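Participant: Quick one: structure below, then a few questions.
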């Protein structure tokens with residue numbers, strides 16, 4: 001049986017969702033890449049199948065190192081609004097009285113959580129480090145403390161990045177810059193914080209000269225030059241695209257004309273040549 005991914009003939013057990021054959025090696029690589037992107041609900045690798053792989057299939061096929069990550073993302077996707085992970089150590093905390101800091105002095109202090117695992121103190125409502133004397137709304141408007149903490153570089157990377165859609169801060173422990181928010185499923189870049197966008201012919205976030213490209217991929221220290229170059233490339237493509245479309249239409253029309261008139265002439269000449277060789281009269 002041939003694997004639908006690598007096309008090699010192997011002894012393969014079909015996938016339970018669509019009964020299509022995918023070898024163990026290809027399935028492991030695919031699942032591992034999805035876990036690295038923070039996916040808990042993983043779709044079947046077969047493009048024409050829109051179903052999700054069941055948990056047992058994923059756990060059976062995942063490499064051992066990725067099983068812990070997958071279980072974390074799975075728990076994160078299933079939790080309700082009363083349970084959130086600690087911003088520092090990812091330990092899940094359920095909003096109960098026993099997790100509060102004792103003797104709250106204000107109503108806002110009811111949201112003050114101390115992680116039982118790492119003792120980090122944070123706000124349950126906005127999922128940020130605790131902001132003493134400032135409510136969540138005021139803190140979000142001028143969250144200097146949070147931005148300072150998130151922008152601090154530790155172990156060669158910033159502490160956290162804010163999701164461009166739901167504004168939840170996400171901390172990366174390892175993996176590539178392509179992040180998927182577990183709250184709203186937005187794909188964004190951990191380095192620059194921008195959404196992943198792509199448009200055929202104009203490139204994507206990994207393209208150096210694309211208007212959608214990450215600012216750290218091309219001239220990060222010269223933003224004005226970067227915008228000028230990328231804008232010029234985009235403008236050039238916008239000018240070239242109509243010309244290519246017109247050229248394609250002209251060539252297509254020319255091919256049709258040649259086919260309509262050239263093919264009968266070619267057949268007639270071929271028939272004439274054959275008659276000449278056999279000495280047959282017209």
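A Cβ is built for glycine as well, from the same backbone N, Cα and C atoms used for every other residue.
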Participant: Swiss-Prot tags one of 163-192, 193-222 as zinc finger - which one?
Facilitator: 163-192
Participant: Which residues in the same chain, at least 6 apart in sequence, have a Cβ under 8 Å from the Cβ of residue 181 (Zn(2+) 3 binding site)?
Facilitator: 38, 163, 165, 166, 168, 170, 187, 188
Participant: Around residue 189 (Zn(2+) 4 binding site), how many other CB atoms lie within 10 A of its CB?
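Facilitator: For residue 189 (Zn(2+) 4 binding site), the 10 Å Cβ neighbour count is 22.
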Participant: Quick check: with 3, 6, 23, 26 left out, which same-chain residues have Cβ atoms within 8 Å of the centroid of the Zn(2+) 1 site Cβ atoms?
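Facilitator: Output for this site, in sequence order: 4, 5, 7, 8, 10, 12, 22, 24, 25, 27.
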Participant: Under DSSP, is residue 189 (Zn(2+) 4 binding site) helix, strand or coil?
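Facilitator: Going by the DSSP assignment, residue 189 (Zn(2+) 4 binding site) falls within a strand, counted as strand.
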Participant: Enumerate same-chain residues with a sequence separation of six or more from residue 26 (Zn(2+) 1 binding site) and a Cβ-Cβ distance below 8 A; give 'none' if the list is empty.
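Facilitator: Long-range Cβ contacts: 3, 5, 6, 45.
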